[in-house]
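Data first, discussion second: the structure below is written as structure tokens.
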Amino acid sequence: MICFDVMDTQCGPLLVAINREGLAHVDFLHGLRPLPDRSTWRRDSTALAPYLQEFDDYFAGRLRTFSMPCAPSGTPFQRAVWQALCDIPYGQTRSYGELAAALGKPNASRAVGAANGRNPLSVIIPCHRVIGKDGSLTGYAGGLGIKQTLLQLEGIGSLAGAGQQALAADLKP
């Protein structure tokens with residue numbers, strides 16, 4: 001059985017779902033990806049209360065590291081990418097190429113991007129911290145507006161110019 005609840009954030013409604021082992025799915029309703037069989041899902045705000053409190057603290061700028069148990073389902077490669085994402089510190093970014101290199105697969109930028117796109121724990125597994133090699137904001141399931149808001153929340157400002165958004169923190173010499 002999966003218990004879930006939906007909370008309001010400055011990025012829009014956030015779906016948070018848990019199973020016996022921990023967080024199973026976190027996603028913004030805008031850009032919501034296909035979910036597993038929902039016939040066994042039930043709304044349970046009591047069971048989700050400690051999880052939602054951590055999200056409240058994160059969105060209020062009081063929390064930088066989540067302590068909730070996580071139970072994402074994925075292939076070994078996806079799980080390796082997701083772990084590499086979790087290794088990106090709060091308030092910092094990495095490019096897809098840098099993540100691929102960190103995994104020992106420097107030519108696997110596209111595969112890393114695909115694994116990012118399959119991330120079942122948005123915000124917790126911080127795929128919003130991955131940017132293009134030129135510093136541009138690139139794909140995010142919830143949309144680039146949400147990605148930019150999350151990065152700004154973490155203290156990463158943005159610049160708009162020439163039709164492209166670049167992260168100020170990554171443009172410094």
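Backbone N, Cα and C define each Cβ position, glycine as well.
Features reported for this protein in TrEMBL:
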ACT_SITE  C127  active site, nucleophile
DOMAIN    5-70  domain 'Methylguanine DNA methyltransferase ribonuclease-like'
DOMAIN    76-156  domain 'Methylated-DNA-[protein]-cysteine S-methyltransferase DNA binding'
Checklist entry - What are the DSSP helix/strand/coil residue counts across the domain 'Methylated-DNA-[protein]-cysteine S-methyltransferase DNA binding' (76-156)? => result 40 helix, 6 strand, 35 coil
Checklist outcome for this item: Reduced to three DSSP states, the domain 'Methylguanine DNA methyltransferase ribonuclease-like' (5-70) has 18 helix, 20 strand, 28 coil
Item to check | For C127 (active site, nucleophile), nearby residues of its own chain (Cβ under 8 Å, 6 or more apart in sequence) | outcome: L85, N116, N119, Y140
Checklist outcome for this item: For the domain 'Methylguanine DNA methyltransferase ribonuclease-like' (5-70), the averaged pLDDT of the predicted model is 92
